[in-house]
Amino acid sequence: MASISWVLNSLFSILLLTQRVNSESTAEKQALLTFLQQIPHENRLQWNESDSACNWVGVECNSNQSSIHSLRLPGTGLVGQIPSGSLGRLTELRVLSLRSNRLSGQIPSDFSNLTHLRSLYLQHNEFSGEFPTSFTQLNNLIRLDISSNNFTGSIPFSVNNLTHLTGLFLGNNGFSGNLPSISLGLVDFNVSNNNLNGSIPSSLSRFSAESFTGNVDLCGGPLKPCKSFFVSPSPSPSLINPSNRLSSKKSKLSKAAIVAIIVASALVALLLLALLLFLCLRKRRGSNEARTKQPKPAGVATRNVDLPPGASSSKEEVTGTSSGMGGETERNKLVFTEGGVYSFDLEDLLRASAEVLGKGSVGTSYKAVLEEGTTVVVKRLKDVMASKKEFETQMEVVGKIKHPNVIPLRAYYYSKDEKLLVFDFMPTGSLSALLHGSRGSGRTPLDWDNRMRIAITAARGLAHLHVSAKLVHGNIKASNILLHPNQDTCVSDYGLNQLFSNSSPPNRLAGYHAPEVLETRKVTFKSDVYSFGVLLLELLTGKSPNQASLGEEGIDLPRWVLSVVREEWTAEVFDVELMRYHNIEEEMVQLLQIAMACVSTVPDQRPVMQEVLRMIEDVNRSETTDDGLRQSSDDPSKGSEGQTPPGESRTPPRSVTP
């Protein structure tokens, strides 16, 4: 009986705990929904009410997902005033980052409930009002950055309540009055470009001049020494009590002479005082003019949009730096496409460690690892001729394309000097690297089933671009076919041709361009089909279209294959790595016929892309998975049906009609 009672009590306790966790999660979820519903935002966060808040973009929970510990929404286009009763209800929050948005108004007083908060980043917004008193009650705060806003009034002495604070960034606001003596263990401190005056307290004098620059009336510490223009000079002995001196020496000076001396001395003093005031006003006017000409934010490093290999930096929670983009980069922000899964901004990209993945005809691709661990690919375009409006219009079209075999555009950036595209990172790499990588003894060959899978999934992606999106790819090649670990592919670098000038002809040695593109310098759906046909030949032969060993100098891959087939040496066409697999000759010949139809020199004789896809799927034989793709087998002793073939089963491939 006692054991039953213990079990019932345990179950009751678990039920109460579960109910409590659910209520806490529901309350925090509702707080976030309240925030999102009352704050307009340019980039849709697409928080699904039916999903757990812990799975939403920018939201991180604790290990058991009972409470929200981090909310990061930098550069997400948030506009307006934070509603009371929203974020202030996230009482377990540790990190809050709303930087680089257009949030305005005063900070809600219920922010004082965020007593567990350690890092608060609100820089580069339009917040106003005096220093929020709610901040001084956040005793666990370590980093506070409210720089580049419109805060006014004095900096309160109660900042000293934040005993754990190591970084305080208040620059580029309208704070005025004297600096309070802040006796905290600050490592980073910045109040530049405000209206502060008076002397810098000794407790803050250890920081560099850059921390205080832009405050004209601030002095002391690392700045100029404080001086008073109204200190009376030591009086001359000749003017000390002249009447007494005269009387002691029994001077014969008359009273009129004494009065004249006093008046003259007063006039000289007034002239000196007027001169000092004139010099003071002149100096102040010059300082104001210099400050007016100084671009804001001053004292903050402006960073060029460059991702050099090996660049790196520490996490936001560690640095808390208030890097301003300034000028054009402030006006041209990173634009996220609809349905994006990322929440970072241009500043994050600039601080990311970067590695060059490759250089192509349209630009250079970098692997960028952001501070929170997210990995993306940043393509830096070159020689873009499109205007900003044309660029943005084309990116809106590209950004709407969603398909499992088309890599999605996540974000883009346009400025006069830089054009950037952001994509998902595919760790398996490209078809080019997999097919033409080192062919030494340590290489794992790409078997036939995986080559068929690559051909089908790439065809599906390209057919979607042509049929559903009505978009010409324009740059199909093996390096633009990216792979998932299961050998499914994603087509990349699509729809970019309209951004570049047609004045320069494509490089014929590239090997993928249709003959008519060399003449018209325009890509079409049929030229895409030609390029895809070259890609199929590449899968079949194992040869790169750029490979010099195709025979005659200047011969391309389609002509080389055609010359071999005409001599009825069809077997010589196929990649030697495929010769170890049995019972696949018929499929290889069928795929070769499809490829040769695609690379017809007459555009009208080429099939449309959806027909190409249908033909490739027909080649795919009986052993299929649920998605219509065959299971891969790396065992060359097994036939394509999974059976061990007899030793004499290999038959010569049938001929291909040119």
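Keep in mind that glycine also has a Cβ here, set from the backbone N, Cα and C atoms.
The feature signal peptide is assigned by Swiss-Prot to 1-23.
Feature annotation from Swiss-Prot assigns region 'Disordered' to 289-329 (among others).
The domain 'Protein kinase' annotation in Swiss-Prot covers 351-619.
Of all the Cβ atoms in the protein chains shown, 15 others lie within 10 Å of the Cβ of T374 (phosphothreonine). DSSP assigns T374 (phosphothreonine) to coil in the three-state reduction, placing it in neither a helix nor a strand. According to Swiss-Prot, the phosphothreonine annotation covers T374 (among others).
Taken from Swiss-Prot, the feature phosphothreonine applies to T520 (among others). A helical conformation is recorded for T520 (phosphothreonine) in the three-state DSSP classification. Of all the Cβ atoms in the protein chains shown, 12 others lie within 10 Å of the Cβ of T520 (phosphothreonine).
Residues or ranges marked as region 'Disordered' in Swiss-Prot: 619-658 (among others).
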For the domain 'Protein kinase' (351-619), mean pLDDT (0 to 100) | 86
Between T374 (phosphothreonine) and T520 (phosphothreonine), how far is it from one CA atom to the other, in Å?
-> 42
